[in-house]
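Database features, via TrEMBL:
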type	residues	note
TRANSMEM	54-79	transmembrane segment
TRANSMEM	100-127	transmembrane segment
TRANSMEM	147-169	transmembrane segment
TRANSMEM	176-198	transmembrane segment
TRANSMEM	243-260	transmembrane segment
TRANSMEM	321-342	transmembrane segment
TRANSMEM	362-381	transmembrane segment
TRANSMEM	402-423	transmembrane segment
TRANSMEM	443-461	transmembrane segment
TRANSMEM	473-494	transmembrane segment
TRANSMEM	526-543	transmembrane segment
TRANSMEM	564-586	transmembrane segment
DOMAIN	876-1054	domain 'Peptidase M1 membrane alanine aminopeptidase'
Amino acid sequence: MLRTIFLFELRHQFRSPVFWSAGGLFFLLTFAATTVESIRLGSGGTIHTNAPTAVAQIQLIMSLFFMVVTTAFVGNVVVRDDDSGFGAIIRSTRVGKLPYMLGRFSGAFIGAAIAFLAVPLAVWIGTFMPWVDPDNLGPNRIIDYAFGYYAIALPNLLITSAIFFAVACWTRSVTYSYLSVILFMFVYVTLTAMLATWPELSLASLFEPFGTVAFGLSVRYLTPVQSNTHALELTGILLGNRLLWLAISTAIVAASVWRFQFAEPGATARSTRRHAAREQKLAAVRPVILDRLPATAPLRAAWHQLWATTRFETRLIFKSPAFWVLAIVGAMNLIITLNLAGRFYGIPIWPRTFAIIDTVRAASSIITLLMAIYFAGEAVWRERERRFNEIVDATPVPNWTFLLGKLAGIAGALVVLCVGIVLLEAVVFQLVGGVTDIEPRRWLFWFVVPGTLYVIQLAVLSVVVQAISLNKFVGWLIMLLYLVAGIVFSSLGFDHPLLNYAEVPLPLSDMNGAAYGGATAWWLRLYWTAFALLLIVIGHLMWRRGTAVTVRRQLQTLPVRLRGTSMVYLIGALLLTGGLGSYLFYNMNVLNDYTQSSETDGQLARYEHLYSRYVDLPQPTLTDVKLKVDLYPARAAMNVDGVYRFVNATEEAIPTLHLRTMPGFDLALEAVDMAGARLVHEDKDHHYRIYRFDRPLEPGASGTLSFRVAIEKRGLAALPKDPQAYETDAQPAANGAYVVNYQILPLLGMDRTGFLQGKNLRHEHALGPDLPTPKLDDKAAQARNYAGLDRVDTDITVTTDADQTLVATGERVSESVSNGRRSARFVSPMPSLNFISIQSARYDVRSVDADGVDLQVYYHPAHGKNVDRMLGAMRSSLNYYRSNFGPYQYPYARIVERPGYGGGANSAAGTIGYSEKVGFIMDLSDPGRLDFVSYLTAHELAHQYWFHQLMPADMEGAELLTEGLAQYSALMVMKQRYGNEQVRTFLKYELDRYLQGRRAEAEEEKPLAYTRNQGYIHYNKASIVMYLLQDRLGEARVNAMLRDLIDRYRFRAAPYARSSDLLAGFLALARTDAERELILDQFHRITLYDLKASQATVHRLANGQFETTVTIDALKTYANGMGDEKEAPFDEQVDVGVFTARPGDKGFSRENVVSIRRAPIRSGTQQIRIVSQRKPLYAGVDPYVHFIDRSPNDNIVHISETAR
């Protein structure tokens, strides 16, 4: 019987439209993700499209989305017979519950599993497409596809099938099965976010049902070559996760079958009483007898009917258990999101209104959309599903009453939940978090009003889609496709604001409010509201009434429906939408020359094709920059008058001068004047000019160039989705203007800035390989500095509104206020790199003196919590740097806050631009948290030495001398202030980011001394390497070597410093061959370690002391740039210690260190004995993470006690 029912169910699934439509849909999605470069999943860079990890990952991702389809397969197997009226006949036969339930479930599950085979099939077929780059493909191995299907996808399908089958069994409702999908998705997202913060991810991975955490842990440190060649194995934490959830799934199915009542359930006593009460209430209603009918007032009656419909729909939603389940899940999700959002290195932020609104907009948008989709389907199709539609359709009620009533009910419920409750939660979170300045006006105009419009627009789209769909499930599918299409089109570069329904990506700032794009945002909201009105008219025209009404029939009768006021409404909505759209298009595309992100790469490719031949062309050197900058913050305008003085510092005559602007900046030069030269080439599209001197500029000869730049806001610019795009906007902010010279000033000569990066992208635009980075032995490259910046004397006069404070590169020599304008002049005390920054805002200022250097922090008045910490870090850093690296060059050092559209900070001459999101609103009230504010301050101040004083050559290893040494300098300050314990926390983050960065490498990993444009190496790896070497060679000796290095290159022109100079300095410090090899391992090779404390025991000695025996395993490997590894002999001195608490745990301090010493460790297994006065609880090798260890979590082990 079981086999018969199973085969019957399987044949039914094969005949079902769901089977073929789901298979086709997921085939197309996977095919696109495999063959379209910009939306590849699981691969990229040098990881092949069909690499084992990529094939597994794409099946994992698709299995998550497939849960919606799984519900369609298993959700109705229990209720289908009862819905069709065939249930009673089946129950009258000898079919038992067990074969019936298991046969139905297994048939539906196997049907879903077969439909999912479209995913690996699409990957396999995609690899044969002629437009797929063969360099992105590896061998097609059936084992890789089988692993992804059987180890990843199939268990995931079983998990979701079991859960949604259980819901259907317990509720006997397909609707609740679909509701459970939404609920499950939110629980899953929330659970994943929580697990990501667990200190022990290996344990956390067991509790994540789909294996994403376990799979990620098993592959996160694989190099590209390992990802491409190593077959995945079902072992370790991934095997544990799969077995656990297979057991849970089996238990869920068993419990569902056991609990299911095969006989039709009878009425309960409670339902019987409620039914009797309703009958009595209806019987008590007395009929009303009218003498005559009242006068007809159709319009007035329709409005009453609309109000009644709205109340009815709203009451149904609020009485629905689905609404409250989703509300509770959404509220829990928001609480968790608020607690996790904005964290950097595990540090939370102060819940300022602008930051919280960004968080709640993102957190509530998905549940808003899902609720709109769900309740629209329920509301539009309720009468037809209950076979009550003929009665309703026969009533003298106009179509717009039904449409608007249902729409109003859904929108009202969404506003209450997704605006009102969210607002309440967020404000309470702010108050609990210590922020009492709630800023109601900002909440009103940044969240409540926009949020209300957004949910109404979503409700309109969802209801109208259901109104024109064949059935509820088709409507839900269309909305699902709408979601997927938004993601796909965005990744393909089709991201025009007029194409993304209801999306208004407005960046917010505490300093600048909504000034960037605020006007555009309101016009966009008006445009989408008009479009929603057009949708309502269409929904009204297509509203179904009567029986057997098809879409085709609706379209055939459309001319009749368009008579009268319907045509007026349609024309009015079209004109309103078209007018607003045309106005916005003119502003965005004509006045502001909007460029799709898909077109930007093409422009940069053309730029490189045209001008890359001039990269090595000798050009004059800037010596003086004089600027007059007039800022008009209120209208986002700026005028710049500049004069450059330049000199031919080469040994040959220069016939032409090349003048350009930075790629990506729409900067128009005006009134360019250069005596003794004429314009011979002008490319307005790429802002590139060539001037020919009347007589070639001889060596040592000089000249001047004057120019004018006018920047002013033109109409309504498009709003990019990425807030960091505002970092490149030269228009001054209303409060918090921050501009640097490459945004507003022309550049002399050509360099590689703006060239496309990445093999695949360059191949797509027929550019060939990247221009090779000059080698360390390239003498010609040593004549060019890394940043392409000359050392210049600057004289900058800036004006702004009188209520704002001005800061610019240089020393303030004068300031005045006149006629509502503030003017200040800044003159450089010495020639400095041509990295100029100008800031203007309503700042508060706090300053201290540090042995003759004026330390200043310019900050937004509401952001003063961390200012004293910044000043303290500046003082500590400056003291350390002057003591160890030499004199500081300026009489001032400033931190200037800027709006937080982008993260991080940067360091101009004596002036650090600091994003409001990074340091100023970090919550460091818990003393146990990593003090990232002090670290970042120390890092940026270190650039005054390792960039502004010592400038590397434009060749391999350049960033090691700038970013790498700045990382080291900051770590030394942190070590001095907080000790090794907090430094360990930071190094652990750096190690994880370096190891993950190796997997994401798009080309080839370079050894540290040869790195270029590889942040995971020159930031993260450099931190670990430099800290290890100062620990082994001695901090004082390393600093003395660095002092000598900077003395040799301080403010020096060509030849510039090289990473080989740093390597030679370290090798000179080596006292033994072992130290020399250690240095070469860190800089010259890619070296990886695997240290493990596998066991530790302790026993008490006769003298009362404790002897701990630690068993240690050690392995060292060398890797090439693609990740191929070979074992090397390990023979190093490594720290081994015993502790009373686990290093890295919260609260761990030096008091917990019982004993630590350096011991010789060799390849293989060995035992180290440590005698201590106190009894330890933990033992470990390399406890402070000095080595690049791929498994640092196994370095510490709990000690077990033994008796001797």
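Glycine is treated like the rest: Cβ placed from N, Cα and C.
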- prompt: So what's near the transmembrane segment (100-127) in sequence-distant terms, Cβ-Cβ under 8 Å and 6+ beyond its ends?
  reply: 1-10, 12-14, 16, 19, 22-24, 26-31, 34-35, 49-50, 55, 58-59, 62-63, 66, 69-70, 73-74, 77-78, 90, 137, 140, 145, 148-149, 153-154, 157-158, 161, 165, 169, 253, 256-257, 260, 262
Query: Counting Cβ pairs under 8 Å that are 6 or more apart in sequence, does the total for the transmembrane segment (473-494) and the transmembrane segment (362-381) reach three or more?
result: yes
Task: Rank 243-260, 402-423, 443-461, 526-543, 564-586 by Cβ pairs under 8 Å to the transmembrane segment (362-381) and hand me the top one.
output: 402-423
Message: With Cβ-Cβ distances below 8 Å as the criterion, list the same-chain residues six or more beyond the ends of the transmembrane segment (243-260) that contact it, or say none.
response: 78, 97-98, 101-102, 105, 155, 158-159, 161-163, 165-166, 169-170, 206, 209, 211
Query: Are there residues at least 6 beyond the ends of the transmembrane segment (147-169) whose Cβ is under 8 Å from a Cβ of it, and what are they?
result: 52, 55-60, 62-64, 66-67, 70-71, 73-79, 101, 105, 108-109, 112-113, 116-117, 119-120, 176-177, 180-181, 184, 209-211, 215, 231-232, 234, 238, 242, 245-246, 248-250, 252-253, 255-257, 259-260
Message: Can you work out which residues elsewhere in the same chain, 6+ from the ends of the transmembrane segment (526-543), have a Cβ less than 8 Å from its Cβ atoms?
response: 399-400, 402-404, 407, 453, 456-457, 460-461, 463-464, 467-468, 498, 501-502, 504, 551, 554, 558, 561-562, 566, 569-570, 573-574, 576-577, 580-581, 584
Query: Is the transmembrane segment (402-423) packed against any residues at least 6 beyond its ends, judged by a Cβ distance under 8 Å, and which are they?
result: 305-306, 308-314, 316-318, 323, 326-327, 330-331, 334, 360, 364, 367-368, 371-372, 375-376, 379-380, 392, 443, 447-448, 451-452, 455-456, 458-460, 462-463, 467, 536, 539-540, 543
- prompt: Counting only residues 6+ away from its ends, which parts of the chain sit with a Cβ under 8 Å from the transmembrane segment (321-342)?
  reply: 175-176, 179, 182-183, 186-187, 189-190, 193-194, 196-197, 348-349, 351, 355-356, 359-360, 362-364, 367, 370-371, 374-375, 413, 417-418, 421-422, 425-426, 429, 917
